[in-house]
């Protein structure tokens, strides 16, 4: 069934802001459960460390005995306040929701070896599963909190690539893990983190910057919706005519960062459900383009 075959009311309902938020929250909830399951039953259960703040909390748990979920929630509070001031309201609201869900799941799901006692399999599949959960959360515009927030601030204010920032944090976690524990476990932790990073890239369909081309009868309305939304990107418009229908339309071109695609699509289809959209990767940009993440 094509988009044109779907009733107008159904499309309007499906892309209604409330419906979109409900889908986002459900996606974040599922992502948090998947992340916590992989982190506890496969990574932490084999004495390995996850990446980011979860890894720091797991290390502190082994040193102090405090609950990982509680540590994760408490340490995120100042980071969430900082993110609210420096990044944006929607991102932080979704991130707060994710942090609460992850904290609960980390406390509820036991750190027990459920599937395998093989440490290599635990590292491989733990990194795979936990990062699939992270990818789901990132796709809908949220984050797992912690170092993700610091990473976005590093990109915005210091032009430090988020991947480089995350690599530095994870390197410190591995060094600490090797110092306080078994260096061999640190090596397995590196395997888990590497697989996790690759998995997140796959889930996000890793394209740094993309060109979105939109053909619509409501070009001015779509352009205004994009420029005034959280996406906040410039749009170029030119007039066109359908070769088959001979109907006047407008073509819009917008360059965005990959994580903004989901939000951009929602905005366009909510404004014009009949819009035709194409997406293409970009190798290089010359000119004024504001990097966000």
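Keep in mind that glycine also has a Cβ here, set from the backbone N, Cα and C atoms.
Within its own chain, the transmembrane segment (21-43) has Cβ neighbours under 8 Å at 49-50, 54, 58, 68, 94, 97-98, 101-102, 105-106, 108-116, 122-123, 125-137, 139-142, 144, 192, counting only residues six or more beyond its boundaries. TrEMBL lists 21-43 (among others) with the feature transmembrane segment.
The transmembrane segment feature in TrEMBL is assigned to 63-84 (among others).
The transmembrane segment annotation in TrEMBL covers 91-109 (among others). Among residues of the same chain six or more beyond the transmembrane segment (91-109), those with a C-beta under 8 A of the stretch's C-beta atoms are 24-25, 28-29, 31-33, 35-37, 39-41, 54, 67-70, 72-73, 76, 80, 83-84, 137, 140-145, 148-149, 152.
Look at TrEMBL and you will find 115-138 (among others) tagged as transmembrane segment.
Sequence-distant contacts of the transmembrane segment (158-179) (same chain, at least 6 residues past either end, Cβ-Cβ under 8 Å): 48-49, 51-52, 55-56, 59, 147, 150-152, 185-186, 189-190, 193, 197, 291, 293. Residues or ranges marked as transmembrane segment by TrEMBL: 158-179 (among others).
Taken from TrEMBL, the feature transmembrane segment covers 185-204 (among others).
The domain 'DUF2179' annotation in TrEMBL covers 233-287.
Tertiary neighbourhood of the transmembrane segment (63-84): same-chain residues 40, 44, 53-54, 56-57, 91-92, 95-96, 99-100, 102-108, 111, 145-146, 149-150, 152-153, 180, selected by CB-CB distance under 8 Å and a gap of 6+ residues from either end. The list of residues near the transmembrane segment (185-204) in space but at least 6 beyond its ends in sequence, with Cβ under 8 angstroms from a Cβ of it, reads 43, 46-51, 55, 119-120, 122-124, 126-128, 130-132, 134-136, 138-139, 163, 166, 170, 173-175, 177-178, 258-259. Tertiary neighbourhood of the transmembrane segment (115-138): same-chain residues 27-28, 30-39, 41-43, 45-46, 48, 50, 94, 98, 144, 185, 188-189, 191-200, 202-204, 259, selected by CB-CB distance under 8 Å and a gap of 6+ residues from either end.
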